[in-house]
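**Q** Below you will find the structure I want to go over with you.
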Amino acid sequence: MGLEVSLWSCQTAQKENRLPYYNQADFTPQFLSPSEALTQIDHTIGEFSFTDQHGATVTDQDIEGKIHVANFVFTSCISICPVMTKHLKILQEQFGDNPQVEVLSYSVTPWIDTVDRLEGYTQQNGITAKNWHFLTGNQAAIYALARQSYFAEEDLGFTKDSSDFLHTEHVLLVDGSKRIRGIYNGTLELETQQLAKDISWLLAEAKKP
């Protein structure tokens, strides 16, 4: 009995030292080894192509093999968006020069948020990191990516279309294989601090043979 308890405790500790994978919109965590994830996790972020605040095209190929963080904002938002942007600046401080990390802030009002407007927003908010992209483009494509790839509104997103406004405090962490590894409330500073720790964990995981 003692040996069984010891083995169970060891296995539990190993799982707790892993970041879970999320394969469905209900965000049920799956604690798997990287080899197990290869066969058990099939949900990944889909293809996309949008334009950032510098007028550069950013596609899913640009995040291939990189850790990235995604959230959804709009420049005229006066509620949760400024708070999320402020809290996510911890990533700029810690990973702004790291070529293996990208931050993607998708505009949910792309018909308003032009390249110039996004550039002004980043300047106003002190966003200087080259790896933090504020993205604009086709509304339907952004909304579909948010709801069906990032599960930004959890399973509720599957009942909505582009006519239903997208507004969420969720911030998603995605690994280099485009699999969701974390979901956080971007309006809470403690959660964005945890996000930063989890990015460091993924960076270390990626270096393991």
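Start at 1 and count along the chain as shown; that gives each residue its number.
Placement of Cβ uses the backbone N, Cα and C atoms for every residue, glycine included.
Per TrEMBL, disulfide bond is recorded for Cys77-Cys81. Sequence annotations record features per position, and here TrEMBL assigns Cu cation binding site to Cys77, Cys81, His167.
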**Q** How many Å lie between the Cα of His167 (Cu cation binding site) and the Cα of Cys81 (disulfide bond)?
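**A** His167 (Cu cation binding site) to Cys81 (disulfide bond), Cα-Cα distance: 9 Å.
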**Q** If you draw a 10 Å sphere around the Cβ of His167 (Cu cation binding site), how many other Cβ atoms fall inside it, taking every protein chain shown into account?
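**A** For His167 (Cu cation binding site), the 10 Å Cβ neighbour count is 16.
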**Q** Using other CB atoms within 10 angstroms as the count, which residue among the disulfide-bonded residues Cys77, Cys81 scores least?
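**A** Comparing Cβ neighbour counts within 10 Å for the disulfide-bonded residues Cys77, Cys81 gives Cys77.
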